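**Student:** Quick one: the structure is below, questions incoming.
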Amino acid sequence: MTLTASPTAARTPAEEKARFEGNKLAKRLARETTRAIADYNMIEAGDKVMVCLSGGKDSYALLDILLSLQKRAPFAFEIIAVNLDQKQPGFPPEILPDYLRALGVPFHIETQDTYSIVTRVIPEGKTMCSLCSRLRRGILYRVASELGATKIALGHHRDDILGTFFLNLFYGGKAKGMPPKLVSDDGRHTVIRPLAYVPESDLIAYAQFKQFPIIPCNLCGSQENLKRKEVGRMIQEWDRKHPGRSWNVFNALSRVVPSHLMDRDLFDFVGLKPTGVADAGGDTAFDQIDPEPDTAGPGCASDAPAGQADGMAEQRVVFR
C-alpha cells in the first residue's frame, strides 16, 4: 500500500500561515458584503444578478464572493457574469471565458468596439475614461434588459465611494458620492455595489490569495484620471498616518443631519420657527432656562489641542 502525504503536511509553515490568513480574509469579505447587501436590500428572492466582470481584481472578488454567498443564502437568486469586450488593443479575449467555464458560471461576452469611438472623439493624450465609462454603462444597461437581469452588480469598493465623494466635494462643489444602490436615470435598472463596505487593501490581498488572472486596466493607453489618483493617494496617506480618519468620513456618509447643513431642498430653513417643544433627539443637557444675568458664569475655555474641535478626537469607527 502506498502512503500519500496529506496536503496539509506538504505545506511549509509560511504556506500554512498564508492559507490561514487568506481564509480569514475571505470570511471577513463575505461578512462585510453580506452586511452591505442586507443594509440596502440589494439582492432579493428570485433576482437575476448580472455581475459586471472587467478582469480587474474588484470584479473578480465580487463574483467570487457572490457565488460563495449564493450557496448559503436563505433564498434563491441567479448569477450571470457579463464582460464587455471593447476591442482595446492587447485585450486577451480568451482569459475570462476560460476562467468562467472552469467555474461553471453562466456568462455572456458582449463585443462592442467603443475603443474606436473614444479614440476618434477624444484628442490624443487626453483622458478617455469618462466617455468610455458612459458608453460602457449604456451598453451594460441594454445587455441587462436583453438578459432579463433584475440587478446590475458593480465592483466598486469603499475607497471608490470615498474617492468619488471627495472629487465632487473638491472639484464639483457638491456633497455627492457613489451610492451602494441606485436606480438608473431611465428608471429601468437597479445598480448595486455589494463591496461598498470593503476597503481596497483587502481586495488587493484577496486577489493575491486567490490568484485571479488579472487583465490590466490601461490597455487603451489612456492617462488615468489624475485627480482621482491624487484623491486616492490622500486617502492612503490618511490610513497610514491617521488610522480611522477615512473610516470616520465614510461612516459620516450614512449619518447625514440635514438640519445642520445648508441645503434648503433637504431641510425647510425658510419655514423654521421655534415650537416651544424640546427636540427629543436634541442635546439639551447644558441648556439653561432663563439664567439670571449675575449667575451666568464665564465662557468655558477649550482644552482641545490647537486645530482640533472640542470633543472631536479622531477615532476609528468599527462596523459590527
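Cβ atoms are placed via backbone N, Cα and C, with glycine included.
Keep in mind it's a predicted model, so treat the numbers as computed, not measured.
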**Student:** Can you check which of 54-59, 240-245 Swiss-Prot lists as motif 'PP-loop motif'?
**Tutor:** 54-59
**Student:** List, by number or range, the same-chain residues at least 6 past the motif 'PP-loop motif' (54-59) whose CB is under 8 A from its CB atoms?
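**Tutor:** Apart from its flanks, the motif 'PP-loop motif' (54-59) reaches 83-84, 95-96, 154-157, 195, 200, 203-204, 206-207, 212-215, 217.
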**Student:** Within 10 Å of the Cβ of Cys132 ([4Fe-4S] cluster binding site), how many other Cβ atoms can be counted across all chains shown?
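**Tutor:** There are 20 such Cβ atoms around Cys132 ([4Fe-4S] cluster binding site).
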**Student:** How many helix, strand and coil residues does the motif 'PP-loop motif' (54-59) contain under DSSP?
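**Tutor:** Final tally across the stretch: 3 helix, 0 strand, 3 coil.
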